[in-house]
Amino acid sequence: MGAVLSYLKPYKNYMAFAWLLMLVELAVELMHPLFMAKIIDEGIVQQDMGAVYKWGAFMLGTSLLAFAAGIINSFVAAHVGQNFGFDLREKMIDKVQSFSFASYSRFAASSLITRMTNDVTQLQNAVFMSLRIMLRAPLMVIFGTVMALFVHAKLTIILIITIPLMLFFLLKMMKKSSSLFRSVQQRLDGVNNVMQENLIGIRIIKAFLRWKYEGSRFQQANERLMAQTIRVLRVVETTTSVLLVVMNSSLIVILWFGFAEFSNGTATAGEIVAVINYATRIISSLSIFTFILMAFSRGRASSQRIGELLEEPEEQADQRWKGAAFQAGSGEISFEGVSFSFPGSKVPVLDGVTLGIQPGKTAAVLGATGSGKSTLFYLIPRLYEPDKGVIRIDGQDISTIQPASLREQIGFVPQEAHLFTGTVRENIAWGKEDATMEEIMEAARRAQIHETIDELPEKYDTMIGQKGVNLSGGQKQRLSIARALIRKPLILLLDDSTSALDVKTEESLLSALREESCTTIIITQKISTALQADQIILLEDGRIAAAGSHEELENCNDLYRRILASQYGKGGMPYAKASH
Amino acid sequence: MPRPAIRAHSHSHQAHLRQKPQIKELLPTLKRLAGYLARRKGLLLLVVLMVAASSLLGLLGPFLVGTAIDDFIIKEDKHGLLLLLIQLGVVYVFYSLSIFLQNYWMAGIAQKTVCEMRTELFAHLHQLPLSFFDKRQHGELMSRVTNDIENISSTLNSSVIQIASSVLTLTGAITVMLYLSPILTAVTLVIVPLLYVGMNWITSRTRRLFKEQQRHLGELNGFVEEAVSSKHIVKMFSQEEKIAMEFSERNAKLKKAGYWAQTYSGFIPKLMNMLNNLSFALIAGAGGLLALNGLVTVGMIVIFAEYSRQFTRPLNDLANQFNTLLSAVAGAERVFDMLDTEKEEQERKDLLRLDEVSGDIEFRRVSFSYEKGKQTIKEINFEANRGDMVALVGPTGSGKTTIINLLARFYEQDSGAIFIDGHDSSTISRQELRKHMGFVLQESFLFEGTIRENIRYGRLNASDEEVETAARAANAHSFIMKLLDGYETKLQHEGAGISQGQKQLLAIARAILADPAILILDEATSSIDTITEMYIQEALDRLMKGRTSVVIAHRLNTIRRADQILVLNRGRIIERGTHDQLVQEEGHYAELIAASEA
């Protein structure tokens, strides 16, 4: 929590100023009964209109002063609260982006989102409130107690006993409700999660007519959230009621002892009335305490959740992250005995993979579902780190190279296109901030998507992404290829990214890619695609089953022959014929 | 960078802002909110009763304290005092109890109301046409269910009680004041118009600011959702800074709206304080003048000043509640906006129910466009008999997915008709229609849960054996058994943890389990290796027997076996026939095949 609150530091002067202004308001408020008494005693009772006007003017003047202080306080408090929230969110996005994949698996996307919006809002509210009324309640309590002490110390003893006890009780309850609020926020994550899943899967849900089923899943999350919210609200309200009973009982005690004091002649009726009055004031400021209790325990819970996120170790902090800048050469790639398994899993995804790809050449990776093809890809830009073995690019061990400088040289086309909300132009230029229109169109042409874009209602300015026009799967894939090509990468990684393309389009795309000077690795299921490569790598259960040219594999690998047969029938080998 | 769609959106937004909103304009939204609360009339009545009780007991307390001093302490009546203190104790206990109960019940009412609103919003979401989702960011919609509804939630908790008790005390105070001195009451009420003017001034600003704040919060939510779900790409392209910058832009907008919303709404209590003091000064001044003329007594002024405090305090509370009310209204408006979005075309009541479907499909002159002026498919005609396999072939964007979308009635065609077993499909309810269809779509939706639960999605009442049989048929069984917990393996969000191809195997198992009369496959086999595909093909062959299937496939093997191939280009069917027929025709299809064999 402390770590999160430290983000308030830059605003400490503002906060001091806000508190000062709050004190001005409070002082005026405390002075007003005095002015009131003067108006009545000196003015009305004495029938002196001059005195009425004089004190009335004082009253109005100070009110204006308090009003001004209050208005300025609004500005200052909002400034602190909003900037604090802004800073936190900025820090959080930086943090989230520096997450390693292990961290991503620890925080669900929906939870990251709740933390960055809802939790920050809760905390912001707590800060804003503390700058506006927080001091007020404790000051009222202190002021009331001190004044009562001056009037009659003995009668005030009960207050001196109960108030600290109550504060202690309040603190305890704050801790308790804070942990309850924490689970409220967690359950909010849960609601958010079902919601996100449903938005992603809306077509399937509609197709399978499962909205009732989804509805009941949502209802479950929803009711869990409701139950916990009700629980914590009731805890807070119980606290208030207990406080009220105890503090009001102390009034009874004061009256009882007041009787004795009065009988002994050690207290006047006026003194008793005064002490009772101060006690009443203290009690009425208790309602603010409930408010504070609620806002603070909620803010505390949220700040813990934000803190968790901010304390997550950054990928960059990892020793392996630091390293030399990548010296781009011709794009030679080699794997030497590389093994990898996901954290927490015993089964290796890749097991002792050794391979080499010559600069400027194209390699196709074939293999069954789950044989480790995608993982092989993720190791190259260091999204994953191998458990064993060395990967070299242009002779440099990539574990000694700064990932950012390495990734700059890599064009990556994922299985699912993942376009961003924005225009076509923005999406292609996404890989290269300073791209000119010519470069964008050139990349689109190479990715065989230029003509399609030209037919869109607003051409390169058409909106796409989550709230964009309907693009077909193949069109999205080609846009994502253009996004990779515009970077003029040294190494191009295509993760089965031509699967949604028809044969003809794929053919022209692949021949355009051959003209690029980069080293290319293509994950594919189609032999027809693999045939275009200089080298075919066959993966099976995380090991390399075979590597070589089509002819070599056809001659000596059984698995390869089976794949071939599965795609072209047993007798027909149209490709073999065509290539001879 | 130009962003036409967004700009258009904010234009309309600003047009809306130009007309100055007033307090009155809050009423429709508030009424609608009250409608939700009114569903729990009984409990709400109890809460109001408790509020009345606590208000009365709250007044009784000080009165008894006064009596204790005046009648017993000063008169040194110990027994009397003891009796009275016991009474006082009872009053305090009941006072706390009534406060406890009103809050206890209110927490239940408020949270149940909010829970209902969430459920309603969620249910409504599923009734919206797919085109609604095409235009919106996930995170933005999520923000309505969380951030906006949370705003309503926190307001409902406190506001109802506060407002009820304020109104009660206010009425009480005014009654007593009128009884004491109508003239001084009139003087006190001078602040009411001032208050109205001030509040109107503030409301006209904060109302739109709060709404803007919620909108920016929603947009930020949308952005974060997109960024987080594309984390691989961001890292791979080293675009962390770009994301951070774009985030920062939205963050700054949110800050600005939030700053002004908070500042302006912070004026309200200050204004109230100021008016309180003004009213007191007025009472003193006017009272003094009246006293000089002998119209009121001094004692009256003193008592009246006290009561005017009683009057302004609840007014103060009301004004403070107004703040939270405004932010709730901003949230509620966004929630209601969505609830008011039109559902999928309302269906007639007299729709056909289909218990049995044999699977004849006919498209008759079907045309459709996603956007006005740009037809995606034009005059599509084809027929498929029960058990037929129809393969859709053509370049990307030629309208293959659209045909499937229309067949499943995810979208409604602009003209023409689709017949299922000779019935116009628009006369069959969507539910009934989809009941007889099985889908394996491009994206395989997996949710957080076990593998078993994910397969069972195809038919919720399937037994464990049936689930496993389906998995075997889809060739998913062997990979599932290799996982640590087999069928009980928990899938992470969006099915993370298994490969893309494995996800599709699960999707196929799901469709097999559903056992439909019509099977729809959309590029479903593209990420599965060909050996696995061979097994799947066998399974599908078995599955397709006796079922009509419409398939978008890119592999020759699949296409070759089709009973009918439809070659699409730019939304039209340009060739049709079997593989052999089409090859002989030497048209587009033959060219496509040649290209793939070159």
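Backbone N, Cα and C define each Cβ position, glycine as well.
Tertiary proximity for the transmembrane segment (A:14-35) is limited to same-chain residues at least six positions away from its ends with a CB under 8 Å from its CB atoms, namely 8, 55, 58-59, 62-63, 65-66, 69-70, 72-73, 76-77, 79-80, 131-133, 135-136, 139, 143. Positions annotated as transmembrane segment by TrEMBL: A:14-35 (among others).
Summarising the annotation, TrEMBL assigns domain 'ABC transmembrane type-1' to A:20-298.
The transmembrane segment annotation in TrEMBL covers A:55-76 (among others).
The transmembrane segment annotation in TrEMBL covers A:157-174 (among others). Sequence-distant contacts of the transmembrane segment (A:157-174), counting only residues of its own chain at least 6 positions beyond either end whose CB sits under 8 Å from a CB of the stretch, comprise 141, 145, 148, 235-236, 239, 242-243, 246-247, 250, 253-254, 257, 279, 282, 289, 293, 296-297, 300.
The feature transmembrane segment is assigned by TrEMBL to A:241-260 (among others). Long-range contacts of the transmembrane segment (A:241-260) within the same chain, counting only residues at least 6 positions beyond its ends with a Cβ under 8 Å from a Cβ of the stretch, are 154-155, 158-159, 162, 165-166, 169-170, 267, 272, 275-276, 279-280, 282-283, 286, 289-290.
What TrEMBL lists as transmembrane segment is A:272-296 (among others).
Summed and averaged per residue, pLDDT over the domain 'ABC transporter' (A:333-566) gives 79. Summarising the annotation, TrEMBL assigns domain 'ABC transporter' to A:333-566.
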